[in-house]
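Okay, so here's the structure we're looking at.
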(Lines of atoms letter the chains of each structure in order from A; the text may use other names.)
(Lines give C-alpha, C1' and ligand atoms only; values in the text may rest on other atoms or scores of the structure.)
Protein backbone atom coordinates (compact mmCIF):
# COMPACT_ATOMS: atom_id res chain seq x y z
CA UNK A 1 0.00 0.00 0.00
CA UNK A 2 1.27 3.46 -0.84
CA UNK A 3 2.10 5.77 1.98
CA UNK A 4 0.75 9.31 2.02
CA UNK A 5 2.99 11.58 0.04
CA UNK A 6 4.69 8.73 -1.79
CA UNK A 7 5.53 9.21 -5.45
CA UNK A 8 3.81 7.10 -8.06
CA UNK A 9 5.27 5.99 -11.37
CA UNK A 10 8.62 4.64 -12.38
CA UNK A 11 12.08 5.81 -13.25
CA UNK A 12 14.66 4.10 -15.44
CA UNK A 13 18.27 3.62 -14.36
CA UNK A 14 21.16 1.52 -15.56
CA UNK A 15 24.07 -0.14 -13.80
CA UNK A 16 27.45 -0.36 -15.50
CA UNK A 17 30.51 -2.47 -14.86
CA UNK A 18 34.02 -1.20 -14.22
CA UNK A 19 34.74 -1.04 -17.94
CA UNK A 20 31.73 1.15 -18.62
CA UNK A 21 29.64 -1.56 -20.29
CA UNK A 22 26.01 -1.64 -19.05
CA UNK A 23 25.34 -4.80 -17.07
CA UNK A 24 21.79 -4.26 -15.89
CA UNK A 25 18.94 -1.97 -16.83
CA UNK A 26 16.73 -1.02 -13.87
CA UNK A 27 13.21 0.28 -13.68
CA UNK A 28 12.63 1.89 -10.29
CA UNK A 29 9.05 1.16 -9.31
CA UNK A 30 7.98 3.89 -6.88
CA UNK A 31 4.31 2.99 -6.78
CA UNK A 32 4.75 0.87 -3.63
CA UNK A 33 7.43 2.39 -1.42
CA UNK A 34 8.51 0.88 1.88
CA UNK A 35 8.87 2.69 5.17
CA UNK A 36 12.24 4.24 4.38
CA UNK A 37 10.75 5.95 1.29
CA UNK A 38 13.35 4.30 -0.94
CA UNK A 39 12.25 3.15 -4.40
CA UNK A 40 12.71 -0.54 -5.04
CA UNK A 41 14.67 -1.54 -8.15
CA UNK A 42 13.07 -4.02 -10.48
CA UNK A 43 15.39 -5.68 -12.99
CA UNK A 44 13.81 -5.72 -16.42
CA UNK A 45 16.86 -6.87 -18.42
CA UNK A 46 19.17 -9.03 -16.37
CA UNK A 47 21.50 -10.78 -18.77
CA UNK A 48 23.52 -10.14 -21.90
CA UNK A 49 22.28 -11.56 -25.13
CA UNK A 50 18.76 -10.25 -24.73
CA UNK A 51 16.70 -9.50 -27.79
CA UNK A 52 18.27 -6.68 -29.75
CA UNK A 53 16.76 -3.28 -29.16
CA UNK A 54 18.33 -1.85 -32.29
CA UNK A 55 20.74 0.29 -30.30
CA UNK A 56 24.18 -0.43 -28.97
CA UNK A 57 24.31 -1.78 -25.43
CA UNK A 58 27.28 0.49 -24.87
CA UNK A 59 25.22 3.59 -25.64
CA UNK A 60 21.96 2.26 -24.19
CA UNK A 61 22.53 3.59 -20.67
CA UNK A 62 23.13 7.16 -21.79
CA UNK A 63 20.26 7.26 -24.26
CA UNK A 64 17.75 5.63 -21.90
CA UNK A 65 18.59 8.03 -19.11
CA UNK A 66 18.35 10.99 -21.45
CA UNK A 67 15.04 9.89 -22.95
CA UNK A 68 13.47 9.34 -19.51
CA UNK A 69 14.79 12.53 -17.97
CA UNK A 70 17.02 10.78 -15.44
CA UNK A 71 20.49 12.06 -14.62
CA UNK A 72 23.28 9.52 -15.09
CA UNK A 73 24.04 9.69 -11.36
CA UNK A 74 21.10 8.42 -9.32
CA UNK A 75 21.02 7.33 -5.69
CA UNK A 76 18.42 5.72 -3.52
CA UNK A 77 16.95 7.67 -0.61
CA UNK A 78 19.43 7.93 2.21
CA UNK A 79 22.15 6.17 0.20
CA UNK A 80 25.36 7.48 -1.30
CA UNK A 81 25.93 4.45 -3.56
CA UNK A 82 25.38 5.42 -7.21
CA UNK A 83 23.66 3.05 -9.61
CA UNK A 84 25.59 4.72 -12.42
CA UNK A 85 28.95 6.24 -11.73
CA UNK A 86 29.17 9.78 -13.10
CA UNK A 87 32.22 9.96 -15.35
CA UNK A 88 34.58 12.86 -14.98
CA UNK A 89 34.51 15.48 -17.70
CA UNK A 90 36.72 18.34 -18.62
CA UNK A 91 34.91 21.09 -16.72
CA UNK A 92 36.21 23.85 -18.94
CA UNK A 93 35.59 22.16 -22.28
CA UNK A 94 32.74 19.93 -21.12
CA UNK A 95 34.29 16.96 -22.96
CA UNK A 96 34.50 13.44 -21.60
CA UNK A 97 38.02 12.00 -21.74
CA UNK A 98 37.76 8.20 -22.21
CA UNK A 99 41.48 7.66 -21.61
CA UNK A 100 41.18 8.75 -17.96
CA UNK A 101 38.65 6.00 -17.30
CA UNK A 102 40.58 3.01 -18.62
CA UNK A 103 41.39 1.14 -15.43
CA UNK A 104 43.85 -1.41 -16.78
CA UNK A 105 45.51 -3.97 -14.55
CA UNK A 106 48.57 -4.35 -16.79
CA UNK A 107 48.70 -1.50 -19.34
CA UNK A 108 51.25 -1.75 -22.12
CA UNK A 109 53.91 0.84 -22.85
CA UNK A 110 54.52 2.29 -26.31
CA UNK A 111 57.38 -0.18 -26.86
CA UNK A 112 55.24 -3.12 -25.72
CA UNK A 113 52.49 -2.09 -28.11
CA UNK A 114 54.96 -1.69 -30.97
CA UNK A 115 56.32 -5.21 -30.36
CA UNK A 116 52.79 -6.66 -30.24
CA UNK A 117 51.87 -4.81 -33.44
CA UNK A 118 54.91 -6.23 -35.23
CA UNK A 119 54.16 -9.71 -33.89
CA UNK A 120 50.53 -9.50 -35.02
CA UNK A 121 51.43 -8.23 -38.49
CA UNK A 122 54.43 -10.39 -39.31
CA UNK A 123 53.19 -13.89 -40.07
CA UNK A 124 52.99 -16.26 -43.01
CA UNK A 125 52.08 -13.29 -45.21
CA UNK A 126 55.69 -12.11 -45.36
CA UNK A 127 56.75 -15.49 -46.79
CA UNK A 128 54.17 -15.13 -49.60
CA UNK A 129 55.28 -11.65 -50.67
CA UNK A 130 57.66 -12.92 -53.42
CA UNK A 131 54.62 -14.58 -55.03
CA UNK A 132 52.76 -11.25 -54.79
CA UNK A 133 55.62 -9.53 -56.63
CA UNK A 134 55.53 -12.28 -59.24
CA UNK A 135 51.87 -11.41 -59.88
CA UNK A 136 52.63 -7.68 -60.08
CA UNK A 137 56.09 -7.33 -61.59
CA UNK A 138 59.28 -6.29 -59.87
CA UNK A 139 58.95 -2.50 -59.78
CA UNK A 140 55.18 -2.25 -60.00
CA UNK A 141 54.99 -4.57 -56.99
CA UNK A 142 57.46 -2.33 -55.17
CA UNK A 143 55.41 0.86 -55.56
CA UNK A 144 52.03 -0.87 -55.27
CA UNK A 145 52.98 -2.53 -51.98
CA UNK A 146 53.98 0.82 -50.50
CA UNK A 147 50.68 2.25 -51.78
CA UNK A 148 48.54 -0.51 -50.30
CA UNK A 149 50.49 -0.26 -47.04
CA UNK A 150 49.76 3.48 -46.88
CA UNK A 151 46.04 2.97 -47.55
CA UNK A 152 45.78 0.18 -44.94
CA UNK A 153 47.56 2.32 -42.35
CA UNK A 154 45.32 5.29 -43.12
CA UNK A 155 42.20 3.13 -42.69
CA UNK A 156 43.46 2.07 -39.26
CA UNK A 157 43.80 5.76 -38.39
CA UNK A 158 40.18 6.27 -39.49
CA UNK A 159 38.96 3.41 -37.30
CA UNK A 160 40.85 4.53 -34.19
CA UNK A 161 39.76 8.17 -34.56
CA UNK A 162 36.13 7.09 -34.90
CA UNK A 163 36.54 4.89 -31.81
CA UNK A 164 37.83 7.86 -29.79
CA UNK A 165 34.99 10.09 -30.98
CA UNK A 166 32.34 7.48 -30.16
CA UNK A 167 33.89 6.87 -26.73
CA UNK A 168 33.48 10.56 -25.96
CA UNK A 169 29.89 10.63 -27.21
CA UNK A 170 28.74 7.57 -25.29
CA UNK A 171 31.06 8.13 -22.31
CA UNK A 172 32.62 4.70 -22.30
CA UNK A 173 36.37 4.15 -21.89
CA UNK A 174 37.03 1.82 -24.82
CA UNK A 175 35.47 0.05 -27.80
CA UNK A 176 36.59 -2.91 -29.88
CA UNK A 177 36.13 -3.19 -33.67
CA UNK A 178 32.59 -4.59 -33.53
CA UNK A 179 31.63 -2.10 -30.80
CA UNK A 180 32.81 0.78 -32.96
CA UNK A 181 30.67 -0.37 -35.88
CA UNK A 182 27.56 -0.95 -33.76
CA UNK A 183 27.90 2.29 -31.80
CA UNK A 184 28.56 4.34 -34.97
CA UNK A 185 25.30 3.13 -36.47
CA UNK A 186 23.28 3.36 -33.24
CA UNK A 187 24.43 6.96 -32.69
CA UNK A 188 24.32 7.87 -36.38
CA UNK A 189 21.56 9.21 -38.61
CA UNK A 190 18.06 7.91 -37.91
CA UNK A 191 17.69 5.76 -41.04
CA UNK A 192 20.82 3.69 -40.24
CA UNK A 193 20.25 3.15 -36.51
CA UNK A 194 18.21 -0.01 -37.13
CA UNK A 195 21.27 -1.56 -38.79
CA UNK A 196 23.51 -1.28 -35.70
CA UNK A 197 23.19 -4.95 -34.74
CA UNK A 198 23.73 -5.95 -38.35
CA UNK A 199 26.95 -3.90 -38.44
CA UNK A 200 28.26 -5.73 -35.37
CA UNK A 201 27.27 -9.10 -36.83
CA UNK A 202 29.01 -8.36 -40.14
CA UNK A 203 32.25 -7.30 -38.45
CA UNK A 204 32.32 -10.38 -36.24
CA UNK A 205 31.39 -12.66 -39.13
CA UNK A 206 34.19 -11.40 -41.35
CA UNK A 207 36.65 -11.54 -38.44
CA UNK A 208 35.75 -15.17 -37.78
CA UNK A 209 35.98 -16.08 -41.48
CA UNK A 210 39.28 -14.23 -41.81
CA UNK A 211 40.93 -15.79 -38.77
CA UNK A 212 39.67 -19.31 -39.47
CA UNK A 213 40.76 -18.81 -43.10
CA UNK A 214 44.23 -17.95 -41.80
CA UNK A 215 44.16 -21.18 -39.79
CA UNK A 216 43.47 -23.06 -43.04
CA UNK A 217 46.36 -21.23 -44.71
CA UNK A 218 48.59 -22.23 -41.79
CA UNK A 219 47.70 -25.89 -42.32
CA UNK A 220 48.50 -25.74 -46.05
CA UNK A 221 51.76 -23.93 -45.28
CA UNK A 222 52.89 -26.44 -42.61
CA UNK A 223 51.91 -29.48 -44.69
CA UNK A 224 53.63 -28.20 -47.85
CA UNK A 225 56.91 -27.57 -46.05
CA UNK A 226 56.85 -30.89 -44.18
CA UNK A 227 56.03 -32.72 -47.41
CA UNK A 228 59.16 -31.35 -49.08
CA UNK A 229 61.42 -32.34 -46.20
CA UNK A 230 59.99 -35.76 -45.31
CA UNK A 231 59.46 -36.91 -48.88
CA UNK A 232 63.00 -35.82 -49.79
CA UNK A 233 64.68 -37.82 -47.00
CA UNK A 234 62.35 -40.85 -46.98
CA UNK A 235 61.77 -41.18 -50.70
CA UNK A 236 58.02 -41.49 -50.17
CA UNK A 237 55.34 -39.71 -52.17
CA UNK A 238 52.86 -38.82 -49.42
CA UNK A 239 50.33 -36.16 -50.43
CA UNK A 240 49.86 -32.83 -48.68
CA UNK A 241 46.41 -34.00 -47.56
CA UNK A 242 47.96 -36.96 -45.74
CA UNK A 243 50.14 -34.63 -43.69
CA UNK A 244 47.10 -32.52 -42.80
CA UNK A 245 45.19 -35.54 -41.55
CA UNK A 246 48.19 -36.71 -39.52
CA UNK A 247 48.26 -33.34 -37.73
CA UNK A 248 44.56 -33.42 -36.81
CA UNK A 249 44.85 -35.29 -33.45
CA UNK A 250 47.61 -32.96 -32.23
CA UNK A 251 45.69 -29.90 -33.36
CA UNK A 252 42.55 -31.04 -31.53
CA UNK A 253 44.46 -31.63 -28.29
CA UNK A 254 46.33 -28.32 -28.53
CA UNK A 255 43.17 -26.35 -29.18
CA UNK A 256 41.32 -27.79 -26.20
CA UNK A 257 43.41 -25.35 -24.13
CA UNK A 258 40.93 -22.60 -23.21
CA UNK A 259 43.22 -20.32 -21.20
CA UNK A 260 45.39 -17.95 -23.22
CA UNK A 261 47.95 -17.91 -20.41
CA UNK A 262 48.88 -21.54 -21.10
CA UNK A 263 49.44 -20.78 -24.78
CA UNK A 264 52.15 -18.20 -24.04
CA UNK A 265 55.05 -20.72 -23.99
CA UNK A 266 54.01 -21.93 -27.45
CA UNK A 267 54.02 -18.33 -28.65
CA UNK A 268 57.52 -17.70 -27.30
CA UNK A 269 58.85 -20.88 -28.93
CA UNK A 270 57.18 -19.94 -32.23
CA UNK A 271 58.76 -16.47 -32.17
CA UNK A 272 62.23 -17.90 -31.66
CA UNK A 273 61.80 -20.49 -34.40
CA UNK A 274 60.37 -18.12 -36.99
CA UNK A 275 63.01 -15.47 -36.22
CA UNK A 276 65.84 -17.96 -36.74
CA UNK A 277 64.20 -19.40 -39.85
CA UNK A 278 63.66 -15.98 -41.42
CA UNK A 279 67.30 -15.00 -40.85
CA UNK A 280 68.54 -18.15 -42.62
CA UNK A 281 65.98 -17.67 -45.41
CA UNK A 282 67.24 -14.13 -46.08
CA UNK A 283 70.78 -15.51 -46.26
CA UNK A 284 69.75 -17.81 -49.12
CA UNK A 285 67.64 -15.13 -50.83
CA UNK A 286 70.37 -12.46 -50.81
CA UNK A 287 73.09 -14.79 -52.10
CA UNK A 288 73.99 -14.60 -55.82
CA UNK A 289 71.18 -12.26 -56.84
CA UNK A 290 70.64 -11.81 -60.58
CA UNK A 291 70.38 -8.41 -62.28
CA UNK A 292 67.02 -6.59 -61.94
CA UNK A 293 66.77 -6.46 -65.72
CA UNK A 294 66.16 -10.22 -65.74
CA UNK A 295 62.73 -9.79 -64.17
CA UNK A 296 59.69 -8.05 -65.75
CA UNK A 297 58.88 -4.67 -64.23
CA UNK A 298 55.15 -5.27 -64.72
CA UNK A 299 53.30 -8.57 -65.04
CA UNK A 300 49.82 -8.54 -66.62
CA UNK A 301 46.51 -6.93 -65.75
CA UNK A 302 44.98 -10.37 -65.29
CA UNK A 303 47.43 -11.19 -62.46
CA UNK A 304 46.96 -7.95 -60.51
CA UNK A 305 43.91 -9.18 -58.52
CA UNK A 306 46.07 -12.04 -57.20
CA UNK A 307 48.71 -9.50 -56.21
CA UNK A 308 46.09 -7.42 -54.39
CA UNK A 309 44.81 -10.44 -52.44
CA UNK A 310 48.33 -11.54 -51.47
CA UNK A 311 49.49 -8.05 -50.52
CA UNK A 312 46.48 -7.14 -48.41
CA UNK A 313 46.55 -10.54 -46.70
CA UNK A 314 50.13 -9.85 -45.71
CA UNK A 315 49.77 -6.18 -44.75
CA UNK A 316 46.36 -5.98 -43.12
CA UNK A 317 46.48 -6.29 -39.34
CA UNK A 318 43.34 -4.34 -38.46
CA UNK A 319 42.00 -7.19 -36.33
CA UNK A 320 44.69 -6.61 -33.67
CA UNK A 321 44.55 -2.80 -33.71
CA UNK A 322 41.71 -2.04 -31.29
CA UNK A 323 42.77 -4.57 -28.61
CA UNK A 324 46.28 -3.09 -28.67
CA UNK A 325 45.06 0.52 -28.50
CA UNK A 326 42.56 -0.27 -25.74
CA UNK A 327 45.31 -1.73 -23.55
CA UNK A 328 47.85 1.10 -23.90
CA UNK A 329 49.06 3.16 -20.98
CA UNK A 330 49.13 6.25 -23.22
CA UNK A 331 46.60 5.58 -26.01
CA UNK A 332 47.10 9.05 -27.48
CA UNK A 333 50.49 7.82 -28.70
CA UNK A 334 48.94 5.14 -30.88
CA UNK A 335 47.99 7.44 -33.76
CA UNK A 336 49.47 10.75 -34.86
CA UNK A 337 52.83 11.61 -36.29
CA UNK A 338 55.09 10.09 -35.17
CA UNK A 339 53.15 7.34 -33.45
CA UNK A 340 53.28 3.67 -32.54
CA UNK A 341 51.05 2.79 -35.48
CA UNK A 342 53.05 4.74 -38.07
CA UNK A 343 56.36 3.42 -36.77
CA UNK A 344 55.15 -0.17 -36.66
CA UNK A 345 53.54 -0.10 -40.10
CA UNK A 346 56.61 1.57 -41.63
CA UNK A 347 58.75 -1.31 -40.32
CA UNK A 348 56.21 -3.93 -41.47
CA UNK A 349 55.81 -2.52 -44.98
CA UNK A 350 59.58 -2.13 -45.41
CA UNK A 351 60.21 -5.74 -44.37
CA UNK A 352 57.48 -7.02 -46.67
CA UNK A 353 58.82 -5.00 -49.60
CA UNK A 354 62.36 -6.27 -49.04
CA UNK A 355 61.35 -9.93 -48.82
CA UNK A 356 58.99 -9.62 -51.80
CA UNK A 357 61.41 -7.69 -54.01
CA UNK A 358 64.52 -9.78 -53.37
CA UNK A 359 62.61 -13.08 -53.17
CA UNK A 360 61.09 -12.58 -56.62
CA UNK A 361 64.39 -11.21 -57.96
CA UNK A 362 66.10 -14.40 -56.75
CA UNK A 363 63.65 -17.05 -57.99
CA UNK A 364 61.66 -15.36 -60.76
CA UNK A 365 59.02 -17.50 -62.46
CA UNK A 366 59.59 -20.49 -60.18
CA UNK A 367 58.57 -18.48 -57.08
CA UNK A 368 56.13 -20.54 -54.98
CA UNK A 369 53.41 -19.70 -52.46
CA UNK A 370 55.95 -19.56 -49.63
CA UNK A 371 59.54 -18.51 -50.22
CA UNK A 372 60.69 -21.42 -48.01
CA UNK A 373 59.44 -23.86 -50.66
CA UNK A 374 62.06 -22.42 -53.06
CA UNK A 375 64.98 -23.10 -50.74
CA UNK A 376 67.46 -25.82 -51.81
CA UNK A 377 67.57 -29.35 -50.39
CA UNK A 378 70.72 -29.02 -48.29
CA UNK A 379 70.40 -29.75 -44.54
CA UNK A 380 70.46 -26.09 -43.42
CA UNK A 381 67.67 -25.09 -45.79
CA UNK A 382 65.65 -28.16 -44.85
CA UNK A 383 65.99 -27.25 -41.19
CA UNK A 384 64.52 -23.83 -42.00
CA UNK A 385 61.42 -25.47 -43.46
CA UNK A 386 61.00 -27.59 -40.34
CA UNK A 387 61.55 -24.65 -37.96
CA UNK A 388 59.09 -22.33 -39.68
CA UNK A 389 56.55 -25.14 -40.16
CA UNK A 390 56.72 -25.93 -36.44
CA UNK A 391 56.44 -22.23 -35.56
CA UNK A 392 53.32 -21.80 -37.69
CA UNK A 393 51.84 -25.01 -36.25
CA UNK A 394 52.26 -23.62 -32.72
CA UNK A 395 50.80 -20.28 -33.82
CA UNK A 396 47.61 -22.00 -35.00
CA UNK A 397 46.23 -22.10 -31.42
CA UNK A 398 46.74 -18.36 -30.92
CA UNK A 399 45.08 -17.61 -34.25
CA UNK A 400 42.22 -19.96 -33.34
CA UNK A 401 41.71 -18.34 -29.92
CA UNK A 402 40.23 -15.07 -31.21
CA UNK A 403 37.44 -16.46 -33.45
CA UNK A 404 36.61 -18.95 -30.69
CA UNK A 405 36.16 -16.06 -28.24
CA UNK A 406 33.86 -14.25 -30.68
CA UNK A 407 31.76 -17.38 -31.18
CA UNK A 408 31.69 -18.11 -27.46
CA UNK A 409 30.36 -14.68 -26.58
CA UNK A 410 27.96 -14.49 -29.50
CA UNK A 411 26.59 -18.04 -29.51
CA UNK A 412 27.50 -20.12 -26.45
CA UNK A 413 26.94 -17.42 -23.82
CA UNK A 414 23.56 -16.58 -25.38
CA UNK A 415 22.08 -19.89 -26.53
CA UNK A 416 23.93 -22.57 -24.52
CA UNK A 417 24.18 -21.10 -21.02
CA UNK A 418 23.22 -24.38 -19.31
CA UNK A 419 26.30 -26.28 -20.52
CA UNK A 420 28.78 -23.61 -21.72
CA UNK A 421 32.04 -25.51 -21.11
CA UNK A 422 30.94 -28.75 -22.75
CA UNK A 423 29.48 -26.83 -25.68
CA UNK A 424 32.71 -24.90 -26.11
CA UNK A 425 34.79 -28.08 -26.22
CA UNK A 426 32.48 -29.58 -28.83
CA UNK A 427 32.63 -26.38 -30.91
CA UNK A 428 36.42 -26.30 -30.68
CA UNK A 429 36.74 -29.87 -31.98
CA UNK A 430 34.27 -29.26 -34.79
CA UNK A 431 35.97 -26.02 -35.90
CA UNK A 432 39.43 -27.60 -35.92
CA UNK A 433 38.09 -30.47 -38.01
CA UNK A 434 36.39 -27.94 -40.32
CA UNK A 435 39.63 -26.02 -40.93
CA UNK A 436 41.46 -29.25 -41.70
CA UNK A 437 38.67 -30.29 -44.07
CA UNK A 438 38.77 -26.96 -45.93
CA UNK A 439 42.56 -27.09 -46.18
CA UNK A 440 42.38 -30.62 -47.58
CA UNK A 441 39.81 -29.48 -50.16
CA UNK A 442 41.90 -26.43 -51.19
CA UNK A 443 45.58 -27.37 -50.77
CA UNK A 444 46.91 -24.56 -53.02
CA UNK A 445 48.78 -22.06 -50.87
CA UNK A 446 49.04 -19.07 -53.20
CA UNK A 447 45.43 -18.87 -54.47
CA UNK A 448 44.10 -19.65 -50.97
CA UNK A 449 46.04 -16.72 -49.46
CA UNK A 450 44.77 -14.42 -52.20
CA UNK A 451 41.18 -15.58 -51.64
CA UNK A 452 41.27 -14.92 -47.89
CA UNK A 453 42.82 -11.50 -48.46
CA UNK A 454 40.33 -10.49 -51.13
CA UNK A 455 37.21 -11.68 -49.30
CA UNK A 456 37.90 -10.75 -45.69
CA UNK A 457 40.64 -8.20 -45.44
CA UNK A 458 39.44 -5.91 -48.22
CA UNK A 459 36.15 -5.62 -46.31
CA UNK A 460 37.59 -5.34 -42.79
CA UNK A 461 40.60 -3.22 -43.68
CA UNK A 462 39.20 -0.90 -46.35
CA UNK A 463 35.44 -0.94 -46.82
CA UNK A 464 34.19 -1.03 -43.22
CA UNK A 465 36.44 1.80 -41.87
CA UNK A 466 35.32 4.05 -44.74
CA UNK A 467 31.64 3.40 -43.99
CA UNK A 468 32.14 3.81 -40.23
CA UNK A 469 33.73 7.25 -40.64
CA UNK A 470 30.91 8.52 -42.87
CA UNK A 471 28.21 7.28 -40.46
CA UNK A 472 30.06 8.61 -37.39
CA UNK A 473 30.43 12.18 -38.67
CA UNK A 474 27.36 12.44 -40.93
CA UNK A 475 25.33 14.53 -38.46
CA UNK A 476 28.33 16.42 -37.05
CA UNK A 477 28.56 20.01 -38.33
CA UNK A 478 31.64 20.13 -40.53
CA UNK A 479 32.37 16.49 -39.71
CA UNK A 480 32.81 15.53 -43.36
CA UNK A 481 35.18 18.43 -44.07
CA UNK A 482 35.02 21.32 -46.49
CA UNK A 483 32.81 20.52 -49.48
CA UNK A 484 32.26 17.05 -47.92
CA UNK A 485 35.68 15.92 -49.13
CA UNK A 486 35.77 13.07 -46.59
CA UNK A 487 32.64 11.65 -48.16
CA UNK A 488 34.27 11.48 -51.59
CA UNK A 489 37.51 10.20 -50.10
CA UNK A 490 35.74 7.37 -48.31
CA UNK A 491 33.72 6.59 -51.42
CA UNK A 492 37.02 6.16 -53.29
CA UNK A 493 38.44 3.88 -50.55
CA UNK A 494 35.24 1.82 -50.49
CA UNK A 495 35.30 1.51 -54.29
CA UNK A 496 38.94 0.42 -54.22
CA UNK A 497 38.16 -2.22 -51.59
CA UNK A 498 35.08 -3.40 -53.50
CA UNK A 499 37.07 -3.68 -56.73
CA UNK A 500 39.73 -5.73 -54.96
CA UNK A 501 37.06 -7.87 -53.30
CA UNK A 502 35.26 -8.71 -56.56
CA UNK A 503 38.24 -9.15 -58.87
CA UNK A 504 40.44 -10.83 -56.26
CA UNK A 505 37.74 -13.32 -55.31
CA UNK A 506 36.90 -14.11 -58.94
CA UNK A 507 40.51 -14.65 -60.04
CA UNK A 508 41.42 -16.62 -56.88
CA UNK A 509 38.45 -18.97 -57.26
CA UNK A 510 39.24 -19.36 -60.96
CA UNK A 511 42.85 -20.18 -60.11
CA UNK A 512 41.81 -22.69 -57.43
CA UNK A 513 39.43 -24.45 -59.82
CA UNK A 514 42.13 -24.63 -62.49
CA UNK A 515 44.61 -26.12 -59.99
CA UNK A 516 42.05 -28.66 -58.79
CA UNK A 517 41.34 -29.71 -62.37
CA UNK A 518 45.06 -30.24 -62.97
CA UNK A 519 45.29 -32.37 -59.84
CA UNK A 520 42.36 -34.59 -60.84
CA UNK A 521 43.63 -35.06 -64.39
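Placement of Cβ uses the backbone N, Cα and C atoms for every residue, glycine included.
TrEMBL: automatically predicted annotations, no manual curation.
Per TrEMBL, the listed range annotated as transmembrane segment is 269-286 (candidates: 269-286, 287-304).
Per TrEMBL, the range carrying the annotation transmembrane segment out of 326-344, 345-363 is 345-363. The stretch with the most CB contacts under 8 Å to the transmembrane segment (269-286), chosen from 201-220, 383-404, 425-445, 487-509, is 383-404.
If you look at the transmembrane segment (425-445) against the transmembrane segment (306-324), you find fewer than three C-beta pairs under 8 angstroms, all six or more positions apart, and that falls short of contact. Looking at 139-160, 240-257, 306-324, 487-509, the range that has the most CB pairs within less than 8 A of the transmembrane segment (345-363) turns out to be 139-160. The transmembrane segment (240-257) makes contact with the transmembrane segment (383-404): 3 or more of their CB pairs lie within 8 A, with pairs spaced 6 or more apart in sequence.
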